[in-house]
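Written out below as structure tokens is the structure these notes cover.
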Amino acid sequence: MLKEAVEGQVTVVCNAIAASVQFQVEPVGRWFEAFLKRRDRNVSASFQELEEEEELSEESEDEELQLEEYGMLKTLDPKDWKNQDHYAVLGLAHMRYKATQKQIKAAHKAMVLKHHPDKRKAAGEQIVEGDNDYFTCITKAIEILSDPVKRRAFDSVDPTFDNAVPSKAEGKENFFEVFSPVFERNSRWTSKKHVPKLGTMDSTFEEVDTFYSFWYNFDSWREFSYLDEEEKEKAECRDERRWIEKQNRASRAQRKKEEMNRIRTLVDTAYSCDPRIKKFKEDEKARKESEKKAKAEAKRREQEEKERARQAELEAARLAKEKEEEEAKQAAQQAKKEKEIQKKAIKKERQKLRTTCKNWNYFADSEAESVKMMEEVEKLCDRLELVSLQSLNEMLSSGTKEEGKAAVQQVNAQLQKEREAEVQARQASRSSEQASSGSGGGSKGWNEEELQLLIKAVNLFPAGTNARWEVIANYMNLHSTSGIKRNAKDVINKAKNLQKLDPHQKDEINKKAFEKFKKEHAAVPPTVDNAVPSERFEVSGAEANAAWTTEEQKLLEQALKTFPVNTPERWEKIAAVVPGRTKKDCMKRYKELVEMVKAKKAAQEQVAAKSKK
């Protein structure tokens with residue numbers, strides 16, 4: 001290495017420095033050993049030189065070691081060696097756990113040279129025989145401090161160590177001045193090399209978080225085997241030695257637990273008093289509030305954008321709809337104009353046809369034939385389209401009277417054939433539908449009584465009834481007089497066919513059913529001369545045929561609830577509640593409802609019994 005220039009000395013360059021040349025050198029001997037150490041530790045040669053300098057400085061410090069005389073040394077009791085301060089005995093009270101092994105050995109050497117019994121005896125001092133001399137305390141101190149395990153046990157219970165934890169009141173006033181030395185003092189117990197500092201008020205969040213994470217996960221090497229009350233070496237047997245070990249382990253675990261609780265209390269107190277934590281929390285709260293506001297603002301903008309897009313879509317849809325309506329309106333107007341034009345043209349052609357036929361006296365010689373041909377011409381005017389009328393008028397205008405008559409008759413005959421073909425096709429389709437319904441609804445057809453019974457059952461058991469179509473089929477089988485048993489499939493198929501019928505056919509079926517009902521109730525059976533007419537059928541035709549409305553039905557049901565069976569003159573009171581109905585009407589309606597309910601229950605019970613089987 002180049003020597004450092006002395007202050008005031010002038011450096012002179014005599015010759016130009018030659019260019020550097022790189023050589024590959026193989027280390028040998030102690031230099032090879034140093035090379036392997038550097039390679040294993042991944043350090044440079046300059047770093048090793050610094051370490052060597054540090055070792056040399058430690059050796060120089062050992063030479064300059066200052067020992068503090070312990071005034072109480074000669075008064076110590078060798079038997080009470082556990083309660084003595086071994087560092088103070090060797091004169092290292094000012095260095096304590098920071099003292100190296102070399103310093104400890106040097107201190108012990110100095111104390112032996114000064115306090116050895118032979119030295120003191122030669123100086124004329126009186127010596128205590130055996131192990132009762134205070135020099136035994138020096139021997140015990142070097143025995144404990146020279147052994148790393150025993151020294152660690154003694155350092156764990158260092159009598160000069162302050163285990164106190166500052167209170168919250170002290171920490172809030174001067175946080176860094178109070179807690180910084182406390183953490184510095186307790187950091188000696190960590191198993192890790194690098195201990196983060198408490199820092200200052202300007203420390204970043206990462207630094208503070210690293211500090212508290214380290215102390216909340218503090219790994220302490222402190223143990224309390226030095227305070228064992230019993231020594232297992234003194235045990236007389238193996239069982240006693242095991243018992244002593246068990247007692248010592250329990251006491252060590254308890255003290256270790258108390259120590260970790262003390263560290264946790266220290267960290268919790270510092271965390272609660274740390275002004276930086278409060279500042280970080282406020283900053284985090286402000287950040288979250290700003291993020292929340294930004295999020296709400298973004299959401300509001302998004303909603304506004306969606307609303308604008310929706311309004312634009314609505315506006316576009318409205319314009320498109322208006323355009324479509326306008327186009328449809330124009331198309332309708334155009335169609336209307338065309339229809340009007342066609343209507344006028346048809347009217348013109350019809351008038352022309354009538355005029356032509358009238359001029360030729362409707363191609364007849366007699367009045368009767370003239371009337372007949374007039375009817376034929378009117379039929380043509382009603383049935384022919386514009387093109388047909390125009391072609392017919394052209395034929396009439398270009399031909400003779402006989403040709404015109406033949407043309408009119410020919411067109412009428414053709415129209416008659418077309419109508420007949422249409423009627424036949426309609427009848428064929430109707431017969432095919434009936435055949436298909438007959439094949440799906442049973443081999444036998446349905447008479448009017450069964451149709452009326454089916455309509456009544458469908459109204460009696462509305463949609464939602466449990467096993468509705470089975471109930472309807474059982475109801476029909478109970479009340480039908482045809483003797484044909486219908487199942488649910490037959491009933492469903494027939495009901496679908498009835499729905500397909502046009503309104504005129506439905507009205508015709510209902511009309512026939514009403515006529516049948518009227519015929520059955522109009523016939524009065526013969527009675528005995530002195531017999532009194534039945535009260536049930538002693539009503540006028542208008543009263544018998546008057547149907548009950550929904551409002552009247554509701555009033556009747558409410559009156560039946562209001563006036564129970566034991567009410568005197570019950571039916572007179574019920575009739576008074578239902579306007580327009582007599583006592584006999586109410587009684588008759590009540591009996592019909594009872595029969596209807598009984599029939600409904602019977603059909604449902606029969607279906608339930610079949611389902612259980």
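Cβ atoms are placed via backbone N, Cα and C, with glycine included.
Note that TrEMBL annotation is computational and uncurated.
A quick note: this is a predicted structure, and the numbers were derived from the prediction, not measured.
The annotation coiled coil is assigned in TrEMBL to 43-70.
Residues or ranges marked as domain 'J' in TrEMBL: 85-158.
Annotation comment: TrEMBL describes 282-340 (among others) as region 'Disordered'.
Under the heading region 'Disordered', TrEMBL lists 398-445 (among others).
The compositional bias 'Low complexity' annotation in TrEMBL covers 424-437.
Sequence annotations record features per position, and here TrEMBL assigns domain 'Myb-like' to 446-499 (among others).
Among the features that TrEMBL reports, domain 'SANT' is placed at 543-598. Computed over the domain 'SANT' (543-598), the whole-number mean pLDDT of the model equals 83.
Sorting each residue of the domain 'HTH myb-type' (547-598) by its DSSP state yields 37 helix, 0 strand, 15 coil. For 547-598, the entry in TrEMBL reads domain 'HTH myb-type'.
Marked as domain 'Myb-like' by TrEMBL: 548-594 (among others).
Counting residue by residue with DSSP, the domain 'Myb-like' (446-499) contains 37 helix, 0 strand, 17 coil.
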